Amino acid sequence: AARTQPPSGATKSKPPEESDAPPAKRAPIFYGSLEEKERERLAKGESGLLGKEGMKAAIEAGNINISSGEVFDLEDHMSERQAEVLAEFERRKRARQINVSTDDSEVKACLRALGEPITLFGEGPAERRERLRNILSVVGTDALKKTRKDDDRSKKSKEEYQQTWYHEGPRSLKTARLWLANYSLPRAVKRLEEARLLKEIPEATRTSQRQELHKSLRSLNNFCSQIGDDRPLSYCHFSPNSKFLATACWSGLCKLWSVPDCNLVHTLRGHNTNVGAIVFHPKATVSLDKKDVNLASCAADGSVKLWSLESDEPVADIEGHSMRVARVMWHPSGRFLGTTCYDHSWRLWDLEAQEEILHQEGHSKGVYDIAFHTDGSLAGTGGLDAFGRVWDLRTGRCIMFLEGHLKEIYGLNFSPNGYHVATGSGDNTCKVWDLRQRKCIYTIPAHQNLVTGVKFERGSVLVNANHGNFLLTGAYDNTAKIWTHPGWSPLKTLAGHEGKVMGLDISLDGQLIATCSYDRTFKLWTAE
């Protein structure tokens, strides 16, 4: 193969990288430590000069400002932030370990105990539970235990406060209790014998007697109406022989009227303010001397006065009440007098010993009415706290708690049968309680307004005595009503008063019913 020669005069060209231009000088790159180079530079003393000059130049240029002298320690700031993050992680870790109830009501209770809102807007049970967990992770689970302990402590103190406690009474009280036991037990035996005799009467005879009584009660009419005073009459009470009626008035006067002709016999002056009640001694007008204490009355200023049938002035005052005395009632024996006071207590006075033998607490508000069992063994009290209590006078114990009324109890009465108690209340109802079953057996929706008084019939000419064949109630709806016993069906409404019925009574012979009213009159009702 022939080789071609280049033409003459042509030069041989080289590739660009093989050109003779010198390569550019690059800064050396050091790998590894610069320690030795730095040592050399420091040994020459370059750094100090360069550093100072550099600082000066930077200050002059305004790039460095150290005029205020403030220093920001970056390391401290970083450590604080780090601590916060660590604390948050710790909190989350604790939160995961806290067991929170899945019961929403319990979660709410826990939040309330911790003083937190029990729910937030739009919050569901799951979010609420998570919120409780987060709160507990901050305050600790001990906070909840502490609040629970406080709650338990307060509950315990409340329970202790509600517990019945006894303290030693005077010697005279023990004597009175023994006397009451000896008095009441034979009466109870007698009552039970009468009940057995009544049971022996054929059912047909009893039914016919009851129907006859109901017929006569349905024919009850207003027999007499008398203006008693120029202020409202608050109470009325028949004498044991059914020939007198005592009335109490807000003017402070008490009056005795002959029955049934309603003539004024005596005006008893002694009280200066509203008289709450006036009651005859159980033996007054029957076997008791007129000079002896025949009546007792009480007033809103706390005064209790005793009266004879001869004098217009009180024969004695019973002192010791600092607040309003609402009612007084004689014990069936006539030896003791019970008083109810607005200082949340009731008292028993021994008139033979002329001293207070029992000052009984037990109601949380003022005590309004008091009644004694026909045997003389029990006392019943009705309070403004809407509760009634039945007390055994022989032991001092509260044997029955009458719980059920929605408002204050203004009237209480024992049935002559020995085991029924009736209470009248501000909730417009009358409740009948059974002492044997210790419960309410019937609620009579009696009136349109508060019930001021309840009375069982104490004996009747028509039916075997002492059975309490009907119940009388009076109220602020201006009426008194008669209800069958047992059965509690309405027999008759005694309408006629123009004002609230404040007091009522049934004569011992069962012939007359008396009602007294805010309209300043008292009315007598009898069968035609």
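Numbering starts at 1 and runs along the chain as it is shown here.
Glycine too: its Cβ is placed from the backbone N, Cα and C atoms.
No curator has checked TrEMBL annotations; they are predicted automatically.
Per TrEMBL, compositional bias 'Polar residues' is recorded for 1-11.
Annotation source TrEMBL lists region 'Disordered' at 1-26.
Taken from TrEMBL, the feature domain 'Pre-mRNA processing factor 4 (PRP4)-like' applies to 102-154. According to DSSP, the domain 'Pre-mRNA processing factor 4 (PRP4)-like' (102-154) comprises 39 helix, 0 strand, 14 coil.
Annotation comment: TrEMBL describes 268-317 (among others) as repeat 'WD'.
If you look up TrEMBL, you'll see 318-359 (among others) marked as repeat 'WD'. Beyond its flanks by at least six residues, the repeat 'WD' (318-359) meets 169-170, 172-173, 176, 179-180, 183, 187, 276-283, 288, 293, 296-306, 365-376, 379, 381, 383-384, 393, 396 of its own chain at Cβ-Cβ distances under 8 Å.
Sequence-distant contacts of the repeat 'WD' (360-401) (same chain, six or more residues past either end, CB-CB distance under 8 Å): 164, 166, 169, 177, 180-181, 183-185, 187-188, 191, 323-324, 326-333, 338-348, 407-414, 416, 418, 421, 423, 425-427, 433, 435, 438, 466. Here TrEMBL flags 360-401 (among others) as repeat 'WD'.
Annotated repeat 'WD' per TrEMBL: 402-443 (among others), in sequence order. Summarised by DSSP class, the composition of the repeat 'WD' (402-443) is 0 helix, 24 strand, 18 coil.
Across the repeat 'WD' (494-528), DSSP helix (H, G, I), strand (E, B) and coil residues number 0 helix, 20 strand, 15 coil. The repeat 'WD' annotation in TrEMBL covers 494-528 (among others).
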Tertiary contacts of the repeat 'WD' (402-443), as residues 6+ beyond its ends and Cβ separation under 8 Å: 188, 191-192, 195, 365, 368-375, 378, 380-390, 449-459, 466-468, 471, 473, 475, 483, 485, 488
Within the repeat 'WD' (318-359), residues counted as helix, strand or coil by DSSP: 0 helix, 24 strand, 18 coil
